[in-house]
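As recorded in TrEMBL, the features of this protein are as follows:
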- 2-228: domain 'Cation efflux protein transmembrane' (DOMAIN)
- 34-53: transmembrane segment (TRANSMEM)
- 74-95: transmembrane segment (TRANSMEM)
- 106-129: region 'Disordered' (REGION)
- 111-127: compositional bias 'Basic residues' (COMPBIAS)
- 170-193: transmembrane segment (TRANSMEM)
- 233-300: domain 'Cation efflux protein cytoplasmic' (DOMAIN)
């Protein structure tokens with residue numbers, strides 16, 4: 001029952017996460033897959049802990065000579081059915097994950113073509129803030145440096161190929177149940193062969209539960225990190241901060257935040273001042289690409305301004321403070 005529920009939730013979340021952005025959900029519903037993954041893995045972990053507890057009690061009863069005997073043949077038959085069902089679900093989830101990734105790539109390709117078609121007309125226009133010489137300039141790194149569109153598209157493809165955390169979690173849920181079924185199957189065979197080896201059932205359960213914990217810990221950490229908006233795995237906040245601060249002409253780097261919109265989709269925001277804002281934004285954009293950050297928003301103002309127009313702080317070096 002839990003397998004089927006996890007399967008259905010994963011498929012629904014995969015479809016919901018593909019919905020486009022709206023005025024209310026400006027990033028779209030992409031984190032639906034993260035929530036689904038966390039729920040699926042949490043349920044699996046809770047069930048596994050329960051099984052370990054039950055197995056521990058049965059081992060204790062075995063040592064006391066009070067453990068109730070089990071039917072090895074019945075265990076083997078039920079476990080074999082469970083193995084077949086879980087293999088079928090795992091195959092379906094594998095296909096769905098592949099289809100979901102292909103749909104994402106098609107969407108990205110269509111967006112890329114639209115960007116290229118509008119490239120010439122966009123080059124003819126200057127930004128409103130540039131024409132008015134407004135001291136505070138908010139640039140989106142994905143909206144500038146148009147000659148690097150191919151690099152952006154490649155980054156998006158790499159992130160989408162990385163994994164679909166929702167379907168991966170559902171797959172691990174099914175895999176966890178499959179492992180438990182294999183444990184019961186092996187224990188059943190042992191008990192059929194040696195009926196007095198009743199303790200084989202709880203021992204196998206504990207051993208295979210450890211394997212389940214090992215296989216699910218990675219996704220649990222990654223989904224929790226996304227929801228808590230921690231710095232993505234593989235991105236070093238200190239190195240990004242240092243690289244930005246070392247750009248000639250950039251000063252007062254502060255409010256540097258790096259987080260994940262979803263697993264494999266890092267984002268960045270930062271405030272700073274610069275002698276040449278346009279050169280600075282191009283340099284910061286390249287730094288973001290270097291560190292695998294595809295979506296960035298950099299707020300830059302003229303270095304001659306006394307205070308930060310965004311947060312009201314005096315123009316002194318914050319050391320890239322958070």
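In case you wondered, yes, glycine gets a Cβ from its N, Cα and C as well.
Automatic, uncurated: that is what TrEMBL annotation is.
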Residues of the domain 'Cation efflux protein cytoplasmic' (233-300) by DSSP state, where helix covers H, G and I: 23 helix, 29 strand, 16 coil
Beyond the flanks of the transmembrane segment (34-53) by 6 or more, those residues with Cβ under 8 Å of it: 2, 6, 9-10, 12-14, 165-166, 168-170, 172-173, 176-177, 180, 205-206, 209, 212-213, 216, 219-220, 223-224, 226-227, 262-263
Per-region confidence, the domain 'Cation efflux protein cytoplasmic' (233-300) (mean pLDDT, whole number): 92
